[in-house]
Ligand SMILES: Nc1ncnc2c1ncn2[C@@H]1O[C@H](COP(=O)(O)OP(=O)(O)OP(=O)(O)O)[C@@H](O)[C@H]1O
Ligand SMILES: Nc1ncnc2c1ncn2[C@@H]1O[C@H](COP(=O)(O)OP(=O)(O)OP(=O)(O)O)[C@@H](O)[C@H]1O
Ligand SMILES: Cc1ncc(C[n+]2csc(CCO)c2C)c(N)n1
Ligand SMILES: [Mg+2]
Ligand SMILES: [Mg+2]
């Protein structure tokens, strides 16, 4: 027991030591990538040590090694759930929600009347806790992934809308005046000035949306679902005290979410390469 | 032929600190082929006046015509090129792409675009920088690119707001010479804002001295200098005399305060 | 007494486009009471050199001493005041608050702070603007406030990077006179970057001409002008001759490219 | 200000019209279902009347929600368990505590990240990953684990609030504390300012606009957290419990009134932060 | 007084009337106990709370308890106030259901979160696959309410005789519109609301004594509630902090609950236990538990409590 706790403490210090060495020269690409990995490994090692050292019951918090074993043994279940929740629910909802928000943002931006009326109301609606919306949407759209997609649409819609509207307004006065001196049409100004200038904001919305989409799809499954999906598996397994499977699903969620986020960040980097925040 | 005619222009900005009288009772005629410089202390309304001509600002009184029509119609007919006080290049476009922008908007053919971009880059000595992005250039180079952009579509009127402010003297001298040559060859009408007395005198056929609070014209000085101006004309007595008049006008404006 | 001594300075910036040689083999001695101007085309390393003296940049070769010690020690001893190329006032502090900032940091007493702020505001003619926020002032006034801030703690060395770039000629002339007076009265050592040849000649005891790619010193011109300089000294033949030498030096730098 | 009234009223008006129409459309199947089973037939006015007054409609009409809100706020003593104000207060207290904890944690993390390169490089990706974990899934476990170490009552709910609200604060404050430009930092260097002087006199004031924006997002997230946290604490009381109980008994009107109340609560708190922001930034000369 | 924390399986309602009555009437106090009742909810696994030490004793259904026991959580049934099962499947006639033979190809709503075990073993006894294969039924994870039935999204949903069934009736469907299949009648009834505590705690005589007093007082509460259903319902209403329960519904529920507790004095009847275990073991290819549990119940507490 003492041994495992000692292991946890040791792992923690070793990890921090390695990382402060890595941080000494942050210009190097591999060091930037290695640091979070080392940090994660440190946390996992400390977790293993603490769970074993304090002999924490497996039905409360399983050790990482147990979770990993379950993960490897349940790949087929995890895959089915992943397809149901992430591909069908989250991704389709994300595309619909972000797409709709984008188009409406352009419309709002075009008509200041809408802007003054819709944004305050929109902010109010955005404050609706979606946890409450989820059962209603399940009631409206049925049990399968469609209702999950609907929850995701509601969740990603407003962050995307607000960011896009703000981005479309984020052109400098001089940049707009320049377009005026060319007597450029509305659409020319939109495509050649406002959309490019809005990209950093739009990507902010898209990035926030990635984590929201995942959470939304999973949470919606708590309120009714077919007998597959990550949310279904999590809630069912908690009831069965199969905490190792719960954590395996959480690991899938974290990996999927981080990957989704990372992909958007990469696309952002290539689209908004010109923005000061991307240049350092 | 009168290209730009301003009569009793008035412009007041409403701010929460109360109104600012940026232009008061400003009247001026600019003839075809004129090179007019505006000079005056910070905040005297030079930029504002230029913006009124460009239909970027609405006067609160008086009238302006550009090419005989309202500024709005002139703008829509793409009658002028405007160089802003700051370069204002779009960071997501290369230098070439920035210069191509007005050409795209005006629907000029691809081939012609390429040809024109090459020509104006040559003119401001930026050939070879076409593919670079704005932030990869020094401030002075950016300013030159923005001048090239305003020249690319070959409008008959040029409105230039301190285009050479960020440049060192040698480059500035050089660009002054180029601008004079261009003006001479093409017969454009140019309105030019500057802080430098020698620059104003060297370039202009007419120098307009302005004064702040309220912004107004205090003096209009016709230059007796010939159209052909080598750089060392700046050491001639005629030149120095005009420069003196301008300096006196400016100083009077400062004493007012 | 040598206040600043640079020997064979080298500074290379590593960028993703490859290295930029900002300073190469730069050696210079600045004596106590000198007024040194740096002039040269954009990107020739003037700012970089000043930043090395201020310990804001580490040279990659050679050595510098300030007051006989390493720049870092000089900085920690608060040996110099630095005026940046842009005003850089904190928007959440009033003009008075901005000037008080370095005094607070240096732990100077409240009473003394008040007294000093009043004095330097007087000096740059901003008395009465103490309670205003930066954005309520014009660009020129902001620049003057930033000069006042650098003067407030009365360091023996002043490093000034184009402090008067944004001002019109009349105001600039006036501040030039004030600066000379201050220098004369206090015996400070001043290093001053500018783009303007007349300004460099008018102010300095020594003019350093620099040239880019790689950034280096191409000429050091000692001024024969007397310490007492009325504004119209600028029309004397001595003045014009020095100005000519500087212009030639500059032009040579440009031809290099 | 006044310029916004007409557009808002118009938009709200349009929403109401759509809402009533949607209520007819969504509730009609049940109305027909009832009618066919009882053998009666339905004409349009009867249909509309029925769809706007069902006891457990798929979508309650606005006036039904309004009446429920009125009944549960104005007509009930605020100490009554049936008063929505009582439940709002329960949720609000957890929200506020969670918000304070989340803001504190967020600011501390941000300071660490800005001042310590090791933290910057290793922690940030995990902060992002932490937000991809479905909170509703681990909320019960958090509650149980905290319970096991003897923490119960307000704090577990507040912890979940904190978990959701610290993220926007970290992201915003890191941006904000890094917002001073190189020149401003160089200035501090020339005066040989200490790290804490640089923090108090430059980084912190410069981060204020970001700070308030983060607070607004954090507050909304915090409320969601408090509601989520109420479900696995036995859903005893609070807006979350109302939502759940409403959902359990198919009381859609009760769900919607709790939802509207929650949104109003969030809007009020965010509005409050906005007011503080305006006053503070004005004082600082930044507005 | 000794502290005892009781974790309920679900929200405050007449299903748990006995405990609230015992608290309200001072029966616990008389036994020198200071009892805290923690309501449950859709996300609360009483087994997990017990494991985490958040409660001393919990109300749980036997299938979930036995499954948890197989996972290594040593929980033991110390009393069984519910004699009969209240679980049933409620179907719409107009969905074409008249008998269990009609299930094939239909959509059925099922509770999960540890409550799916009785359903799964029933289906495997009927020989109906539930994994989506041909000739089987489509299973839905039913949410908290009976919406799927009302919205025609499912042909049948799970209901309790005392609760959800009445929600269906209240929503406007009449008993004539419905067909119900009680697990009790189908011969697949499993034991519901029993009291469970951890084996290692029970090894401590002081704790055991606490449980004896607790069960005694609780059973007194239950019997009082059976005899005074309306008063019991009022007591439950007083204890419902969410303010969402209605008097009508709770009184009706109390009436139904009384039928389920009727045959029990609190002691587990071994035959009922055996039937539950057999039913769970008969789960076909995917049984709920894989081997007959040992030591999953004890009469030690009830023997002392009831004498
Ligand atoms: N959009 C605006 N709103 C309010 N006041 C303005 C606005 N634009 C300019 N002003 C005010 O109008 C006056 C004239 O400004 P203008 O920019 O024309 O001066 P300028 O002569 O170009 O000065 P500078 O040499 O500094 O460029 C100034 O006092 C300025 O503060
Ligand atoms: N932080 C940096 N990273 C990379 N290159 C830099 C950096 N700072 C300056 N440089 C480069 O070093 C060279 C010298 O720059 P410096 O700012 O000293 O020029 P300068 O003489 O002050 O020019 P200007 O008159 O435009 O202010 C330039 O080519 C510049 O691009
Ligand atoms: C999400 C969820 N749905 C259903 C049940 C099943 N259940 C267990 S006790 C009980 C009370 C009946 O009135 C019910 C319905 C559950 N535990 N969790
Ligand atoms: Mg201007
Ligand atoms: Mg510089």
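Every residue gets a Cβ built from N, Cα and C, even glycine.
Whatever TrEMBL says is automated annotation, not expert-curated.
Residues A:149-168 are the range that TrEMBL records as transmembrane segment, among A:149-168, A:169-188. For the transmembrane segment (A:59-80), the partner stretch with the most Cβ pairs below 8 Å, chosen from A:30-47, A:149-168, A:245-267, is A:245-267. The stretch from A:30-47, A:120-143, A:149-168, A:201-225, A:245-267 that makes the most Cβ contacts under 8 Å with the transmembrane segment (A:86-108) is A:149-168. In this chain, the transmembrane segment (A:30-47) lies out of contact with the transmembrane segment (A:201-225); the count of Cβ pairs under 8 Å, excluding pairs fewer than 6 apart in sequence, is fewer than 3. Here the transmembrane segment (A:120-143) has long-range neighbours at 149-151, 154-155, 158-159, 161-162, 216, 219-220, 222-226, meaning same-chain residues at least 6 beyond its ends whose C-beta is under 8 angstroms from one of its own. Counting only same-chain residues 6+ beyond the ends of the transmembrane segment (A:30-47), those with a CB under 8 A from a CB of the stretch are 7-9, 11-12, 14-16, 18-19, 22-23, 63-64. Same-chain residues lying 6+ beyond the ends of the transmembrane segment (A:149-168) with a Cβ under 8 Å from its Cβ atoms: 88-90, 92-94, 96-98, 100-102, 104-106, 108-109, 115, 119, 122-123, 125-126, 130, 133-134, 137, 140-141, 194-195, 197-202, 204-206, 208-209, 212-213, 215-217, 219-220.
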